[in-house]
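Engineer: The repeat 'LRR 1' annotation in Swiss-Prot covers 33-56. Annotation source Swiss-Prot lists repeat 'LRR 2' at 79-101. Swiss-Prot lists 125-148 with the feature repeat 'LRR 4'. If you look up Swiss-Prot, you'll see 171-193 marked as repeat 'LRR 6'. The feature repeat 'LRR 7' is assigned by Swiss-Prot to 194-217. For 219-239, the entry in Swiss-Prot reads repeat 'LRR 8'. Swiss-Prot lists 266-285 with the feature repeat 'LRR 10'. What Swiss-Prot records for 336-355 is repeat 'LRR 13'. What Swiss-Prot records for 423-446 is repeat 'LRR 15'. Annotation source Swiss-Prot lists repeat 'LRR 16' at 447-469. Taken from Swiss-Prot, the feature repeat 'LRR 20' applies to 540-563. What Swiss-Prot records for 565-586 is repeat 'LRR 21'.
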Amino acid sequence: MSRFKRGAHVDSGAGFRQEKEDCPVPYGLLKAARKSGQLNLSGRGLTEVPASVWRLNLDTPQEAKQNVSFGAEDRWWEQTDLTKLLLSSNKLQSIPDDVKLLPALVVLDIHDNQLSSLPDSIGDLEQLQKLILSHNKLTELPSGVWRLTNLRCLHLQQNLIEQIPRDLGQLVNLDELDLSNNHLIDIPESLANLQNLVKLDLSCNKLKSLPPAISQMKNLRMLDCSRNQMESIPPVLAQMESLEQLYLRHNKLRYLPELPCCKTLKELHCGNNQIEVLEAEHLKHLNALSLLELRDNKVKSLPEEITLLQGLERLDLTNNDISSLPCGLGTLPKLKSLSLEGNPLRAIRRDLLTKGTGELLKYLRSRVQEPPNGGLKEEPKTAMTFPSQAKINVHAIKTLKTLDYSEKQDATIPDDVFDAVDGNPVANVNFSKNQLTAVPHRIVDLKDSLADINLGFNKLTTIPADFCHLKQLMHIDLRNNLLISLPMELEGLIKLRSVILSFNRFKSFPEVLYRIPSLETILISSNQVGGIDAVQMKTLSRLSTLDLSNNDIMQVPPELGNCTSLRALMLDGNPFRNPRAAILIKGTDAVLEYLRSRIPT
């Protein structure tokens, strides 16, 4: 007999009710379903689901009248609970409350119908793991859907949904979510609670941005945001370490996203945007990339750093404004497909372009060996060449305004690294992943142009006061160091927009941060911060992202709820009791609302 209790759903005549003779579902199908636990009614032109389907495991079947012997071969009373029900490609306009009469359902597929609503009782299907509702006319979902906490796969594509409530964050076991082809204008920050999500499709909506909290989805492998209205990608997207496929086609992007932590990214699709420039900073971390699609953009040239993509197999540059190619492109060992149609290439003969990728790469390789007037041959090292200079990309300094001396495991930055700047304006400095115990004093040489500095993954214990001379700084990354405080002189950084202090040794929130009104992002997770001053925090009127997760905060001040500029507030992993976890998983808006409700009146 079934393991599910049915008493609550059985009426007094259930045992004597006969299945209707005019049921549009063949009796043989129902009989087989009782044995197999599966029923496929797809493509049968149904305008409604017969009651006999919902009551499949409740009513006494017809064969009971014909055979009541316990010794019979057809043991009709030994039925299996229905676990899989397929109703796709019919003409259903509604699903009745009786759907709750199938509590053992694991798979429910109702795609390609005419549904405009669902009953709230769908939330009673506690065993449901896969719910397919695509290609219908749904404008919203009942609250019952968000009670399906065992759900692993939810398909809602091709509907008319305009908003997803923050209750989405309750579906913590989801590993696949498809919201494509709807009318969504934003996504709730509670999406970040879906820590098991592997595949997320948001394509073909009206999204202008992604919630910063999306960076917390550490298991996400595929993200599709194609055909939206996004002009930029939040920097925190770079923290998605498991991402393998990223689709950003048909948006309004002007630059490739910087993805320094996406070490496993294999496919990056950015076609049909407004990208004009490719910079070394966008390419150097994409070591695992096998496919880069940039067709139908406005790219004018390829940097020499394209050769950093040693795993690249396919490069699509169709319909851009490229007039020449770096000869180093021919040295990429795995490149099998290079699409260049629709570019004003003048330096390469047309007949060569028609011979295919292999011949073109062979030609480019042959040009690498030509004399320096081709601009490609490296200058030989001499006895006067310092070892550190051999590691510096001078081309990046001059053309990309980037000084990169990262991942060298050096305890100091040699002077000749700064000498290589040679008066050129530098906007980006990356000294991360070394063994630095102090900030190089010559960093102030770059004070007139430096906007972004990365000193993460070192052994810094202090930040010098003369850091305040870097008046153009907009972004500081100090993650994974040994810092316990910041100097008050940093309040002079009037252009600073983001600071990353995660994985240090702060025991209190740095007082100076309250005095930098330009701040938009503060990430100080995984420290030992014991509390925050909500009144001072409110003075940061531009602050939109505040990550305080994994600290020692015992009490969250209710006044923090008045920081209405916050769009992403991360508090998980702290020892406080309130707000409770049930509030936290609902997202930033719910947390702020809860905190405001606790303010004494």
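Cβ coordinates come from backbone N, Cα and C, glycine included.
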Engineer: Report the DSSP secondary-structure composition of the repeat 'LRR 10' (266-285) as helix, strand and coil residue counts.
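Structural biologist: Taking each residue of the repeat 'LRR 10' (266-285) in turn, the totals are 4 helix, 3 strand, 13 coil.
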Engineer: By Cβ distance under 8 Å, which residues at least 6 away from the ends of the repeat 'LRR 6' (171-193) in the same chain are close to it?
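Structural biologist: Same-chain contacts beyond the flanks: 134, 146, 148-165, 199-217, 219, 224, 567-568, 570, 585-590.
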Engineer: Let me know the model's mean pLDDT on the repeat 'LRR 1' (33-56).
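Structural biologist: Across the repeat 'LRR 1' (33-56), the average pLDDT comes out at 93.
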Engineer: State the residues, same chain only, that lie 6 or more residues beyond the ends of the repeat 'LRR 7' (194-217) and have a CB under 8 A from a CB inside it; answer 'none' if no residue qualifies.
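Structural biologist: Distant Cβ neighbours of the repeat 'LRR 7' (194-217) are 157, 168-169, 171-188, 223-234, 236-240, 247, 521, 544-545, 567-568, 570, 587-588.
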Engineer: Quick check for me: are there 3+ Cβ pairs below 8 Å between the repeat 'LRR 2' (79-101) and the repeat 'LRR 10' (266-285), leaving out pairs under 6 residues apart?
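Structural biologist: Contact between the repeat 'LRR 2' (79-101) and the repeat 'LRR 10' (266-285): absent.
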Engineer: Write out how many residues of the repeat 'LRR 2' (79-101) are helix, how many strand and how many coil, based on DSSP.
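Structural biologist: Residue counts in helix, strand and coil order: 5 helix, 3 strand, 15 coil.
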